[in-house]
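Database features (Swiss-Prot):
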BINDING   GLY117, THR118, GLY119, SER120, GLY121, ASP140, ASN184  S-adenosyl-L-methionine binding site
BINDING   ASN184, PRO185, PRO186, TYR187  substrate binding site
Amino acid sequence: MVNYKEKLDEAIHLTQQKGFEQTRAEWLMLDVFQWTRTDFVVHMHDDMPKAMIMKFDLALQRMLLGEPIQYIVGFASFYGRTFDVNSNCLIPRPETEEVMLHFLQQLEDDATIVDIGTGSGVLAITLKCEKPDLNVIATDISLEAMNMARNNAEKHQSQIQFLTGDALKPLINEGIKLNGLISNPPYIDEKDMVTMSPTVTRFEPHQALFADNHGYAIYESIIEDLPHVMEKGSPVVFEIGYNQGEALKSIILNKFPDKKIDIIKDINGHDRIVSFKW
């Protein structure tokens, strides 16, 4: 028999052989068994049942091939909550929590807002959970991502209006007016794929990562349609790549020269947010 500590030591050895940090093996064990670190300490010398060994070994093999842990275990954390994820939607990043907070702080309690390109729904659902009186709309072009977002909304008992379609087009068709817009759209230039981690490019959905026109195509589509949906004085907040702030600011000002555009850095000192009032 093997205990949990011995199995983890074996996993750490294999993980390091593949060039990954040992913390990946540690997090995998905690997430596969949905344990805290305290749970592991309590059970580390317990013999592992055969079913648990098989379950962990299968997960470990997937991780050693580079698959993200969140896809293996089927969930990810965002702003203290757990959301179901799969390979049809991006894994939420910690930096996106900063984007969400910047937007949240600008909203009236009963505002009507939209999350464009909702993916797994983490932004829309978190905003609704934090301010329950918000009227939250979420859009995505991917039916598979929208199904995941709906499941997450049900899990968190969040009433969200989901509209499938391209950027703001579904809202224009419905005649909806907004008191706020947030979007973390696809914004990576295809040519940058060669510099990215294979864990991202092999497993996360390309449609949610990459955009035409050097990564700006979705931003441009949203910006073009803002006059049709935004109420005066309402916040517009975009998550951006680390080197996109000035270029996106120029795109906005070329279209709407009277706007005051803020470029805000994340906790790591990288440009992360473009924000302005409509």
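Just so it is clear, glycine is given a Cβ too, placed from its N, Cα and C backbone atoms.
Known features from Swiss-Prot, placed on the structure.
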| residue | record | Cβ contacts under 8 Å, 6 or more apart |
| --- | --- | --- |
| GLY117 | S-adenosyl-L-methionine binding site | THR139, ASP140, ILE141, ALA167, SER183, ASN184, PRO185, PRO186, ALA208, ILE218 |
| THR118 | S-adenosyl-L-methionine binding site | ALA124, ALA138, THR139, ASP140, ALA145, MET146, ALA149, PHE162 |
| GLY119 | S-adenosyl-L-methionine binding site | CYS89, LEU90, PRO92, ASP140, SER142, ALA145, MET148, ALA149, ASN184, ALA208 |
| SER120 | S-adenosyl-L-methionine binding site | ALA76, PHE83, ASP84, VAL85, CYS89, LEU90, PRO92, ALA145, MET148, ALA149, ASN152 |
| GLY121 | S-adenosyl-L-methionine binding site | PHE83, ASP115, ALA138, MET148, ALA149, ARG150, ASN152, ALA153, ILE160 |
Neighbours of GLY117, THR118, GLY119, SER120, GLY121, ASP140, ASN184 excl. site residues, C-beta within 8 Å of centre, S-adenosyl-L-methionine:
CYS89, LEU90, ASP115, VAL122, LEU123, ALA124, ALA138, ALA145, ALA149, ALA208
Ranked by the number of other Cβ atoms within 10 Å of their own Cβ, which of the binding-site residues ASN184, PRO185, PRO186 ranks first?
ASN184
Grab the S-adenosyl-L-methionine binding residues from the record (GLY117, THR118, GLY119, SER120, GLY121, ASP140, ASN184) and give me their largest CA-CA distance in Å.
12
In terms of DSSP three-state secondary structure, what is the assignment for ASP140 (S-adenosyl-L-methionine binding site)?
strand
Cβ atoms within 10 Å, counted per site: which of ASP140, TYR187 has the most, among these binding-site residues?
ASP140
